[in-house]
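Have a look at the structure below before the remarks.
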Amino acid sequence: MAGPVRCLPPVVEATSIPHAPPVISKEVSEIVNNMLSVAIPAAAAASAQDQRFASQFRCGPEFATMKAQALEACRKILAENDQGGYTIPAKGLYPYQWNWDSALVSLGLAEMEEERAWEELDRLMSAQWEDGMVPHIVFHKPSSTYFPGPEIWGSPDKPRNSTGITQPPVAAISVRRLLEEAKDKALALAMARKLFPKLLAWHRWFYRARDPEGTGLVATIHPWETGMDNSPAWDEALARVPIDDIPPYVRRDLGHVDAKMRPQKAEYDRYLTLLYRFRALDYDEAKLYYETPFRVTDLCTNCILHKANEDLLWLAGATGACTDESEIRGWTARANVAFDTLFDVEAGLYRCKDQLTGQFLPAATSAGFLPLFAGVASGEKASAVARTLGRWLDDVAYGIPSCDPRDPWFEALRYWRGPVWLIVNWMVSEGLKRYGYGELAQRVERDSYELVKNGGIFEYYCPLTGMGAGGGCFSWTAAMCLAWLFKS
């Protein structure tokens, strides 16, 4: 591909969604930025159903050309976002190392240079706290383009180079895949052995600090910990957090991305209220669980943790780094039972729960499909989840939307309240294949291909138009293309 990778800002505002599959108009197609310099075919003006079920997916010259150009673009994006040992999600908007971003980015880096992929994970785990927690952001270098930075998070007795909360623990999943697919087996085995004790300590921290009552499912105490920051799943629980008299602040994200695509002020006020309260407690794990006014059972965190425990168990055997696997097996056994309490029979979907009320949180989100990725659903429940997913896909042009498109809080362009995220599509696709729903997995994969082809490499995508939105030249989207969508 000639010239630099282009990441032009989106220019279309999506409105509410109808209940029938929409048609992508020719006018919309013409103004969508095609970052990969591939002409949008005439079929882009046809119905989403026609595109979705194209029989020649992954066949023929168009896909071959698209693949070559996409791979080159994605390699350039990861190279440009490389800060020397760690990768930022996107320039300006996210200038630091994010936890689950880096773990997922390592999968893409492994398709380019294995040693660099291991360095990404090693750099992330080097920020681990003494208690085992791995923070959700590591502040390697100063930056004026992001708020809240280290000056807000720092406390007298805790590190000032990171945040005081965590994120979904993807790292063990990545370590296993890198080891399994390694060409340099000696390097991979050495790095897996080096990282295993840190991974085990992190998982132990989750159960000690976030499940002290031994339920089998861990708590999340801040929306930022979920990775799905402004998901409508948190609306009810977050609304009960009283807004404290917090210092005045200026959001930096709105200087990079349209406010219509970002969390709103009332949410940010509560995010910061929680932050300042946690800092006042010096991030003491013994106090946070009991004193936080926001405590939920997040499906994304728990599903990823369960899958990561499976992979940690595999790593224990593959590396010989752990002689007693009973602790890990205990975690998975308790979780297998506990996940049943999160299944909503009427909705045909798993739901998050408010731990302070014991009630389901009302919004249906894409996290409800992740128990397939974790492998915790029975055959009957998996069938119900697959049917629900099929209905969601029928309701939009491109899946998987991050919120049920029929829900009143669905917003097609606002961050985790509607847009499609390729990392979720990858996890759900893996889960569908795990349960034998290969055709549905291909449907998700085809939608993902169309999004990248017509929308570019963005943070997320509008499920109605396919427009790329949020941050441009986005690292984990590029990584998903390299490690999944266009992987040989």
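The backbone N, Cα and C atoms fix where each Cβ goes, and this holds for glycine too.
Remember, predicted model here, so these are calculated numbers, not experimental data.
From the candidate list Gly227, Gly379, Gly455, the residue Swiss-Prot records in the substrate site shared with Tyr94, Trp98, Asn99, Trp100, Asp101, Tyr146, Gln167, Arg262, Tyr415, Trp416 is Gly227. The secondary structure of Asp229 (active site, proton donor), as reduced to three states from DSSP, is coil rather than helix or strand. Among the residues the record lists as binding substrate, namely Tyr94, Trp98, Asn99, Trp100, Asp101, Tyr146, Gln167, Gly227, Arg262, Tyr415, Trp416, the two farthest apart have Cα atoms separated by 20 Å.
The recorded positions near Asp229 (active site, proton donor), taking a 10 angstroms Cα-Cα threshold over the set Tyr94, Asn99, Asp101, Trp416, Glu459, are Trp416.
The two recorded residues, Gln167 (substrate binding site) and Glu459 (active site, proton acceptor), have Cα atoms 18 Å apart. Arg262 (substrate binding site) falls within neither a helix nor a strand when secondary structure is assigned with DSSP, and so counts as coil.
The highest number of surrounding Cβ atoms within 10 Å, among the binding-site residues Tyr94, Trp416, is found at Trp416. Within the same chain, the residues at least 6 positions away from Asp101 (substrate binding site) whose Cβ sits under 8 Å from its Cβ are Thr87, Pro89, Tyr94, Ser475, Trp476, listed in sequence order.
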